[in-house]
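Annotated features in TrEMBL:
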- 21-60: DNA-binding region (DNA_BIND)
- 85-183: domain 'CoA-binding' (DOMAIN)
- 95, 96, 97, 98, 99, 100: NAD(+) binding site (BINDING)
Ligand SMILES: NC(=O)c1ccc[n+]([C@@H]2O[C@H](COP(=O)([O-])OP(=O)(O)OC[C@H]3O[C@@H](n4cnc5c(N)ncnc54)[C@H](O)[C@@H]3O)[C@@H](O)[C@H]2O)c1
């Protein structure tokens with residue numbers, strides 16, 4: 001089912017972005033006791049077309065068995081291995097305001113193999129506080145023992161985000177998840193992923209506006225039905 005060397009060859013970014021979706025769908029199937037799944041069933045559970053799913057999984061060297069489908073446990077392992085999820089990753093959250101608090105308390109990171117290990121802020125009123133069982137430290141504290149293989153999460157105001165990214169990169173961080181609404185400049189070899197709920201809402205607003213225009217347009221084109229005249233005598 002798997003050709004491991006093939007899985008090491010270049011996988012398109014869009015495919016990588018869908019692998020966690022397949023993983024989540026497979027997890028849900030496994031939880032209900034499903035052993036094997038067809039590409040059509042898995043594609044439907046993941047919300048993609050089955051041809052796309054098959055193409056994506058072919059990059060991992062997974063082709064399934066004709067007439068049987070994919071072994072759920074095995075495919076989960078293969079995707080998890082490709083994503084580097086066989087071991088826990090430590091996460092440092094920088095900026096312990098509203099968002100930082102919520103992220104630190106989010107149990108979904110731990111269940112997916114991400115251990116929030118450091119909480120960082122610059123505000124002396126916040127440093128030393130305990131949030132979700134961890135003590136908030138300063139950047140200098142973090143820099144005194146630069147963490148290895150850590151994923152940095154930026155939850156500071158945008159005005160501070162570039163300086164925070166620079167400090168994380170100086171410490172050897174190669175992977176950053178940026179929640180601040182700004183573009184970060186980082187050297188080659190550093191991967192930045194951006195989360196921006198406001199942008200997502202703007203895209204939905206666009207969709208909503210055009211849907212309404214279509215509905216209004218259809219209403220304008222609808223034939224006018226004349227009310228029956230009442231008898232006068
Ligand atoms: N991506 C999204 O969908 C989304 C959603 C909500 C908020 N945000 C963004 O997340 C960020 C945080 O929002 P919030 O509401 O938690 O803000 P907040 O003001 O409540 O918290 C910001 C925290 O960052 C700390 N901080 C500032 N500069 C710092 C630095 N140089 N080093 C370390 N810590 C520093 C502050 O002391 C504060 O505790 C903002 O940029 C906001 O726009 C993004």
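Heads up, residue numbers simply count up from 1 along the chain you see.
Any Cβ shown, glycine's included, is placed from N, Cα and C.
TrEMBL does not curate its annotations; it predicts them automatically.
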Legend entry - the DNA-binding region (21-60): DSSP-derived helix, strand, coil residue counts: 29 helix, 2 strand, 9 coil
Inset, instruction - For the binding-site residues 95, 97, 100, work out the Cβ neighbour count at 10 Å and name the residue with the minimum. - result: 97
Legend entry - For residue 98 (NAD(+) binding site), the three-state class that DSSP assigns: helix
Legend entry - Around the Cβ of residue 99 (NAD(+) binding site), the count of other Cβ atoms that are within 10 Å: 17
Legend entry - Secondary structure composition of the domain 'CoA-binding' (85-183) [DSSP: H/G/I, E/B, coil]: 30 helix, 28 strand, 41 coil
Inset, instruction - Just name the most isolated of the binding-site residues 96, 98, going by other Cβ atoms within 10 Å of its Cβ. - result: 98
